[in-house]
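First comes the structure, then the notes that go with it.
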Amino acid sequence: MPTKAKEKSGQLIRGFEPYKESKGEEYMGEPMRAHFTSILNKWKLELMQEVDRTVHHMQDEAANFPDPADRASQEEEFSLELRARDRERKLIKKIDETLQLIEDEDYGWCDSCGVEIGIRRLEARPTATLCIDCKTLAEIKEKQIGS
Ligand SMILES: [Zn+2]
């Protein structure tokens, strides 16, 4: 299903070299901040292109289908794409907030307990604001509230 692949692509970050720390390097010093700024900017660009593509795709396909069944399935596809786009927009906002954090030199520490989130975790999830422990805890709590 092409729509599913499209939904997923927003989550992927491609094409960056994992950061190599030099010995005794300061956590979130200038070079590290530059590294994450570039990852986030690249990611944002990809998302924006994705949003553009969706808009064009929908404009191209907006032709009228005479068959009601075709119309219904087209409408369903559109609503899926709109939802994917909405998610991408939110993600772009989140990326902008994260870029601001880096600028304020507030990036890379856990919002909840203050420890270093860690380069590898941030590379996997550059918008993370919690360390893995706090994140796990938050997810457990969320599940308990949900049930
Ligand atoms: Zn924490």
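Using the three backbone atoms N, Cα and C, a Cβ is placed for every residue, glycine included.
Automatic prediction, not curation, is the source of TrEMBL annotations.
Copied from TrEMBL, the annotated features are:
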type    : residues                       : note
DOMAIN  : 33-102                         : domain 'DnaK suppressor protein DksA N-terminal'
DOMAIN  : 106-138                        : domain 'Zinc finger DksA/TraR C4-type'
BINDING : CYS110, CYS113, CYS131, CYS134 : Zn(2+) binding site
ZN_FING : 110-134                        : zinc finger
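Features per TrEMBL, on structure.
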| residue | record | CB count, 10 Å |
| --- | --- | --- |
| CYS110 | Zn(2+) binding site | 18 |
| CYS113 | Zn(2+) binding site | 11 |
| CYS131 | Zn(2+) binding site | 20 |
| CYS134 | Zn(2+) binding site | 18 |
Margin query: Please list the DSSP helix, strand and coil residue counts for the domain 'DnaK suppressor protein DksA N-terminal' (33-102).
Written below: 64 helix, 0 strand, 6 coil
Check: If you run through the zinc finger (110-134) with DSSP, how many residues end up as helix, strand and coil?
Finding: 9 helix, 1 strand, 15 coil
Item checked: Other same-chain residues whose Cβ falls within 8 Å of the Cβ centroid of CYS110, CYS113, CYS131, CYS134, the recorded Zn(2+) site, in sequence order -> ASP111, SER112, GLY114, VAL115, ILE117, LEU130, ILE132, ASP133, LYS135
